[in-house]
Amino acid sequence: MAISPSKAMNGERAVVLIFVLRVLSSLPLALLPHALSLSLLSLFSLVVEIRVDDSPSLFKTRPGASSGIILGAVTLPTVMLSKLIQLSRAVSLQQIEIGELEHMTMQFWAASACSCGVLIFLFIVTWCAANNKNPHFSCSVWDAKFSLSCVILYSAVCCISLATISHTGFNTALKLLWLLCHGFATVKLIQHLLSTFPFCASIGEANLVTSGLVLYFGDMLACTISKVCRLLIPPELVSIRYGIKRSEIGIVIQGVLLGLLIFSAVFKFLIHLWEYFWGANNSESRERKEIWRSLIFLTSLGFIMIAVAPSWMMIVLDFDVHPVLWIFQFIFSEPFKRLSLCIYWLVLIYASVLRFYNISNNSKIERILLRKYYHLLAVLMFLPALIYQPKFLDLAFGAALAVFLVLEIIRVWRIWPLGQLVHQFMSAFTDHRDSDLIIVSHFSLLLGCALPIWMSSGFNDRPLTPFSGILSLGIGDTMASMVGHKYGVLRWSKTGKKTIEGTAAGITSVLAACSVLLPLLASTSYFLTQHWFPIFIAVTTSGLLEAYTTQLDNAFIPLFFYSLLCL
């Protein structure tokens, strides 16, 4: 039986539909296959979301959140498509080489393959549940035929598009194999995530995270293979797919994250090995065992971050000096500005954390409002740096992400002597979207501000795009929550907490910030090419998403806003 329109549409899905249609309406004819594939992906994800919502007990997802499948499935591919539209303008202006456009094309198809793989997995799970004749599940033959048609047509469009990419040196079969590896890896990773951290994320949030990780580390793997092949094989036989120019800061950030990924696996292995050989000896005190674990932690972390990660950086990019020394050279190339900025950040962090931590322990202020003060703190910290020291801010974001990851590892593993202290401190700022297993709010706020800035590196003819995370989270989301909590009366839905007054305040505040920011950017030699109508559409759509979604808005809203500002 076909899905009725009333059942198929709700507020969140309607906003996602507006978002996709806005991007599709801006596509040049050369990207028509990409538009068709995104349309098919959206329809397929809608069918899957409706079926999964009809069988909620299949997956251990975060309580109180919808599945968010269509939102999680289309967000990353749409971001890549918006970036493709922007790079298409650059190619027509001869600002970049065709290789960079084709590289982004492969990234778009890789992101789409990740989402498509997860959707196929979810559909198979619900279909098998229906075949088991569970009365709570239903999956019609019409859904199966429609979904299969979407997948087949999507695959055909993908093959046609990949056949037109000539810059990589690979044939279409190898490109398809690469995309299949992305899809398979994402499925395995989302299964692991939902089973290891039950009730910590919705399916849409898990899809966004796993697709992003596979895309990011897949790019690193391809870059490494390409560089090694160029070192070992004659140049005429080597693919230059990942031969686009990469910055030292980007490689340093990738190397640090790769090092932390390797460290997590190595540390877990060493702990199991240590417990196997020496854990049976109960004569040692617990404190002594904790000290040994801490020594293993610090030794392995130091070795990987000082020796292993920099070795990878020097393989994929020709550094003149050791990457650690390069970081110091970069900082001290403008010592007064960058050290002053570091002092400014430290003072803000110390004063704010001390103040808000005391408030959280002694006040009855709701956690959600208390956390919005950190959104305002992000504006105070990042906005001046983005205007006057954008490259240094890129590096600082990478350092902050690395520190957050190390602290989370310390908290989860309860590494002596900081593990319990970090856990108590972080618990003071959690809400219903966090759990004892994993705390994600600080990661989502940091990445929500950082990702638009990182993705805006290189060619960028839309000067507001780097600010999309800071504007949407630091100003729009904060004002929407505060005004809605204090003055909100008219609710968007009977069951939700979001109010029309809050949404209006968020949209108005972002538009006001843009009106101040655009003249300021013009005074700092930015070439302004953005008009107010597209900005208004971007701000309004992002504000409506904040009003309707039950997903982790720190993760989705900045990407929505960034994609719409790229058009």
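From the backbone N, Cα and C atoms, a Cβ is placed for every residue, glycine too.
Features of the protein shown, as given by TrEMBL:
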- 64-86: transmembrane segment (TRANSMEM)
- 106-130: transmembrane segment (TRANSMEM)
- 151-170: transmembrane segment (TRANSMEM)
- 253-274: transmembrane segment (TRANSMEM)
- 295-316: transmembrane segment (TRANSMEM)
- 336-357: transmembrane segment (TRANSMEM)
- 369-389: transmembrane segment (TRANSMEM)
- 395-416: transmembrane segment (TRANSMEM)
- 437-455: transmembrane segment (TRANSMEM)
- 467-484: transmembrane segment (TRANSMEM)
- 504-526: transmembrane segment (TRANSMEM)
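Long-range Cβ contacts of the transmembrane segment (437-455) within its own chain (Cβ-Cβ under 8 Å, at least 6 residues beyond either end) map to 79, 83, 197-198, 200-201, 250, 253, 371, 374-375, 378, 382, 386, 390, 393-394, 397, 400-401, 404, 408, 411-412, 426-427, 429-431, 465-470, 472-474, 552, 554-555, 557-559, 561-562. Counting C-beta pairs under 8 angstroms (sequence separation of 6 or more), the transmembrane segment (395-416) fails to reach the transmembrane segment (106-130), with fewer than 3 such pairs.
Here the transmembrane segment (295-316) does not touch the transmembrane segment (336-357). Their Cβ atoms form fewer than 3 pairs under 8 Å, with each pair 6 or more residues apart. Packing against the transmembrane segment (504-526) from elsewhere in the chain are residues 387-388, 463-464, 467, 471-472, 475-477, 479-480, 482-484, 535-536, 539-540, 542-543, 546: each is 6 or more residues past its ends and has a CB under 8 Å from a CB in it. Outside the transmembrane segment (336-357) by six or more residues, the chain places 370, 373-374, 377, 380-381, 384-385, 388-389, 392, 396, 425, 428-429 with a CB less than 8 A from a CB of the stretch. By the Cβ criterion (distance under 8 Å, sequence gap of 6 or more), the transmembrane segment (106-130) is counted as touching the transmembrane segment (64-86), at least 3 such pairs being found.
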